[in-house]
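Pulled from TrEMBL:
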- 751-779: compositional bias 'Low complexity' (COMPBIAS)
- 700-725: region 'Disordered' (REGION)
- 743-790: region 'Disordered' (REGION)
- 227-260: repeat 'ANK' (REPEAT)
- 304-336: repeat 'ANK' (REPEAT)
- 386-418: repeat 'ANK' (REPEAT)
- 461-489: repeat 'ANK' (REPEAT)
- 956-991: repeat 'ANK' (REPEAT)
Amino acid sequence: MSSSSDESDANSDSSSDNYRDFADEALHFFHILDHLRSSENSSSSDDDDDDDDIDGFERDPAWLIEHIKSLRGRFNHSIQIKRDLFVEEFYHSIRAQKRTSFPQLREIYTAAEIEQLLLDAVNHDGCFRIWRRIVPFVARSGYRHEPEFDEAGKPLLRRATVIHRAAGRRLHKIIPALFEIYDRADLNYVDEAGVTHFHVACQFGAREAVAKFLESGRVDVNGPIAAGQTPLHLAIKNSGDPRVIELLLRAGADPNRPDSATGDTALHVLLRSDRPRDLDLAKLLFERSRREHLPLMVDARDKFGDTPLHVAVREGHHGMMRLLLTRGAHPNLANAQGLTPLHVICTRGFDEEYSTVGAENFCLAFEFYEYVGDRGLELDNTRDRNGNTPLHLALSKSQRLLVVSLLRRGADPNAVNKFGSTPLHVICERSHFKDDDYVSWFFGISRDLGRTVRIDARDAFGRTPLERAVASLLPNTIDVLLDNGADLSSFVFPSVRDFDRDRTENLDLKTTFYNMKLAAGVLACVERLTKRGYQLDMSDALTIMKFFARHNLFEKSTKNLKSLLDNMKFWCFSKLSKFKPDLTLHDLIRLRPEEAAKKLTYTDYYQFTSIRVKSRDVPLHHRSACGAHLAEKLSRGFFLRWGLDCFMELTRYRLPILCCEMIVKNLNNEDLCSICLATAIKATKNLKWQIEEVVKCNDKKRPAKTTNDPKWQIENVAKSNNKRRRAKATNYLEWQMEDIKYTSSDDSEPSLDTSSNRSYSSSSSSSDDSESSWSSSSDDSSDSSSDDEYHKIRKLKNIRARFIRDIENAQPEFLIEQLYPLISDWTSQYPNLRQIFQAEEIERLLSDAVSYEALHGIRKRTIEFVARSGYKHEPELDEAGKPLLRRATPIHLAARRLLFDVIPDLFKIYDRYDVNYVDEAGVTHFHVACQFVGYDVVEKFLELGRVDVNCLVPVTGNSPLHLSLTYVSVLSIDTIRFLIKNGADPNSANNDGWTPLHTIADNFYGYQHSAAKRLFRISDEVSVGRCKSTSRITQVRRRCIWLCPTAT
């Protein structure tokens, strides 16, 4: 007992001694850190000469040697933190040694300890003076590195040294000292990234080391690192030392060799580094390459297709651009994006209010034109990949000086790009809230130069510059366009999608009260249009309301406003922010909407600029709450006007207008928006009834009596003769009234003529007979059904005609959205679509329906309609009369999108089971049937005997049995049994090594137990061995137990 107690006491004493040692070292460590911090604060220079000793004088050499020896035993070098303490103490000891003799470290420490000291000094994350003092100290002490050797006596060069570590941390000041330590040029160490000592010497401009390596003849002067850069690239990019570059060129470095990763040559690398002496280096490259008979390739391209001239103008190097053009660079070469050097000049930065950027670009373009002209060359009128000319790009970047230069040199102000946009379109789709005099300036310049600008040109989307200006929320631009002759009669108010397109391209969330300015911008544009005679209708108002809803411009609650007013930072901000000299933001918040409307216009809100106080000083949620409140306030009048009309229409004008006004005033803007949308929905539902009333208006005994009659509504549509707008607004009317023609004369009221290929009564009938025929037709259900069927078929033909007329520009959803209103309630006999559409058109309809991204019911109903119409697909044949099977069909597209509900209908259309189409991934119709349909279709494929029951999908290696087990359900059990009985291999593995049993175990659809049991039982019935690998069965069984415990 006593001995054990003595041992425990001894152990406790030793542990306490260890603890005291550690505490002493920690205290010493913190003492050193405090001293280092104080010394750093007292010295502001980074040079070695400023590092004074603590005591103000150098250490005695004898004392220093003894102290360094004592340090060796004080620290445990196997622990990182203690090695750091050692490095800091070592630095503290030698930091003042500058002029006296240095001790021979090799006599005190082993080579491995010195290497570790160097590595720890380079890796130290504390004071930078540690590595800047220790590494030169070691070099001056006379230590030189000696390599390790393998069994054959050859040095081991595949390792990372201290030089690699210093290069990785870019410690360029100690690289020369490290090369004094690693002074053997025959030892060119290489690390895991392929970087050698020679590469590091070139990178950091260690000229003497580079010369030694080249003299040894053991280095490849063009050998790249793993990242693809050659020694010449490294020297040019990093140090830029002309002496090192000249040494490399004399040794045979190839300046035309490209970087394997980026494709950059030496010229590309030089042009991308921004140094004052780059022009001299470029001249050196040209001169030395000429002497070495390796002329520089001035038109070499990198991986983006950029030539050195592209890079020079992009970086704004005037001298380099002149040098390249003088040396023969081609000025018209385009890169991968189709940009020539002139295009690149036009895309260099924005020129806001004639900034220095614009002046620099103008000078660059002027010199470019001058040098090209001196060489007798001409600039091609080339376009980039999107069809943009330099004028398009210069206008998009607001480069006014450059625009003037381009126009004077013959640029076409009406050039059209790939999207149909002219330069005027580009100006009108600039970012929100940059509504300056840009358009008026462009018109003035064009007028002075005698150029005519097409002001009503339409782009590929059918939009004019005026419509783009509205979608970009540029009210002042709208006024300028209208003043210069823009046609307002053909104006079509942008849709919500148009607003979104321009907004997402030009989003600027840093604008103060962004939501307020959005609301003010759209209403200011409407105000400018209405002042010029445009009549805003209900559909336009609904578009604006949807815009508000899409961008959350409604004030959701007044609670945020209350907290806003209590915030001191916002209170100060609102007091200093002024909309007018006599109206601050603080005052505006407290005004009622009616009072605010008298003091401010939409333009005042739109042009509001906050004070110079940083808006980020105000919390974000307070800024958002204020913006929403101001948006609600400024748009109040607009929503009240339209909300009142819609509310009265919903109530069928049963309440007095004063009562309606009182009710509406108590609703917020979001509620008023809902009322307007409800009115629009009700109007849509009544469209069919309105069409019937229009037809009845043709009856002479029942003429239209009021201007509110639908006859006059449709008459006004016809008279306006704006095809694009009215096709958008009255598309459904056209479907219902393809047999009605509009006739009018100058001296009589417009009337409706219902003459068509088919009439409802004989031509010899009187008006009375006509009336009786109408009534009898309505009473006779069979005749009515026949008429309805006939008219629907006529409508199908008209839809097809419109589709064929614009088939090249038609969007994928065009035909589907045209057909759906007609086929959604089709109750009569289904038509033969082959008598109306071509087979190719039906195939496109099916493909578009599968790809349709909107309502799921539209897709399913369209495919179901085609299937019920009796349409059957017929394959295309080659010259030998065999079907062409290598193509992707709508069945493949539906399978990729996992559209379970439409694939069975598609197999009713593609019912030729001897035609097994295969797509580019190797998936066949038979694969899709096994995965998504079931037993019936799979049986038909196998009955014909033209499919392989074990054919694999090349990409995944899945067999039909794998696919049938992907979505295990009750319906797929029969398919599994049928496949195995017809020879499907239950032991086949896919590319991941999974058998069908693995696939069952991976499913979460609730039928793993049943499917697994069925798979084993069927395999036993047909005498097929189960999984032959015991380890594979164990693996699958474990997975089954984990996923489905009942499977055990």
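Backbone N, Cα and C define each Cβ position, glycine as well.
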What is the number of residues in the repeat 'ANK' (304-336) that are helix, strand and coil, as DSSP sees it?
17 helix, 0 strand, 16 coil
Taking all residues of the repeat 'ANK' (956-991) together, what is their mean pLDDT?
78
Its residues classified by DSSP, the repeat 'ANK' (461-489) shows 16 helix, 0 strand, 13 coil
How does the repeat 'ANK' (227-260) divide up by DSSP, counting helix, then strand, then coil residues?
18 helix, 0 strand, 16 coil
DSSP assigns the residues of the repeat 'ANK' (956-991) as 17 helix, 0 strand, 19 coil
